[in-house]
Amino acid sequence: MGCRALLLLSFLLLGAATTIPPRLKTLGSPHLSASPTPDPAVARKYSVLYFEQKVDHFGFADMRTFKQRYLVADKHWQRNGGSILFYTGNEGDIVWFCNNTGFMWDVAEELKAMLVFAEHRYYGESLPFGQDSFKDSQHLNFLTSEQALADFAELIRHLEKTIPGAQGQPVIAIGGSYGGMLAAWFRMKYPHIVVGALAASAPIWQLDGMVPCGEFMKIVTNDFRKSGPYCSESIRKSWNVIDKLSGSGSGLQSLTNILHLCSPLTSEKIPTLKGWIAETWVNLAMVNYPYACNFLQPLPAWPIKEVCQYLKNPNVSDTVLLQNIFQALSVYYNYSGQAACLNISQTTTSSLGSMGWSFQACTEMVMPFCTNGIDDMFEPFLWDLEKYSNDCFNQWGVKPRPHWMTTMYGGKNISSHSNIIFSNGELDPWSGGGVTRDITDTLVAINIHDGAHHLDLRAHNAFDPSSVLLSRLLEVKHMKKWILDFYSNIQ
């Protein structure tokens, strides 16, 4: 399962802030080139189907519809005593998530499960207005988590009616990152449709100021600090060195040469350069996996440790420090050694839709981020909701409603719900906005000591640490109980 699929939440660079205020870039957002091509060795067998959904589930006058894509794999499904594992698609092409959520495929036989992967509206092929879907805010008005959850509910009802044996089977929602948030909210809003949910790396408390805005970047910094004694200090010092050199034409040329950039730097590009570097450190924290895998380029096991091999001394000369930064960046962008230069427009992956997530980040999904340069290794950046709101209005003609998600889903007041697993990797910066303590006996937290961004949803690997192996066993244990309780209650 390629690492490319797992940056499910990145950042929305509205403006030129170098410390990356939220853009949960769409995970899809990241801009690679074309849609991802799965590794043939892990390609999955499934049927591609479409279901006609209402554009607006919450009004009666709008009769427009669109086709939602979904994937079904039923190799291990049993009509008697089986279950349905339902992936709540997030901000990207559903085929990508299908091919990169190996956990579901690994447990399908044990749970006698049909696998269903539902594409999120406005992503992949599930475009309500075709090529006009992102034309303006009027066309994007139906891109909300509430509408997406209603799509999932309607699709499950359709499956129960049209697949013999599906009706009367327990459905479990599974998702990671934004998809994990949706899985949790799906169980909260539609408990009569799904018996439980696995919400992996789901930062449901990153919203509405429920956690300190600097928590995310502190965790990123701690990942680097733990991987090398002077690693984070070297990165922190690099910002001033970049500023110093960018003040002259010769300095800009030196920066271009030392960092082996594909195009010459100008003073106007310095914020872009800094944002690109900062985003690289963030992405490394999310994909800090215990085995080698393929992201933009091949990545080694524990890539931050590899990065920190080059960042051992912050007190070297400016030129040497930048040369070390280049070597560190090359771990992420050129580990294979095949790239002739580094392109600062290249970030994460392209299979996710940046335009769709950009709109969501400007409406419902408002996640405050900040840095102070003391508790973290980034330049100071203050969260400014007014500026953020104005930037959103300039881009989309809408202003965010930062408190709406708390109103809709309860914020931290969710103890009345049940049967939700919140799993978080302690290395994952999104864990700062996740549920990391049990709320009740049935709202449980599983913390993965050596886990990065939803490592537990990845396919089994011989190099998996014991912490993720245990987490998966616990997750399956809870699911089996939900399934058993379901069948016990209908007898």
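Using the three backbone atoms N, Cα and C, a Cβ is placed for every residue, glycine included.
It should be emphasised that the depicted structure is a prediction, and the values quoted were computed from it without experimental measurement.
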Swiss-Prot annotation, disulfide partner of Cys370 among Cys98, Cys213, Cys231: Cys213
Candidate in Cys308, Cys392 joined to Cys362 through a disulfide, as Swiss-Prot lists it: Cys392
Site of maximum Cβ density within 10 Å, from recorded positions Ser177, Asn334, Asn343, Asn413: Ser177
Rounded inter-Cα distance in Å - Ser177 (active site, charge relay system), His453 (active site, charge relay system): 8
Cα-nearest neighbour of Asn315 (N-linked glycosylation site) within the listed recorded positions, Cys231, Cys308, Asn334, Cys341, Asp428: Cys231
Disulfide-bonded residues compared (Cys341, Cys392) - the one with the fewest other Cβ atoms within 10 Å: Cys341
Cβ neighbour count within 10 Å of Cys308 (disulfide bond): 24
Least buried by Cβ count (within 10 Å) of the recorded positions Asn99, Asp428: Asn99
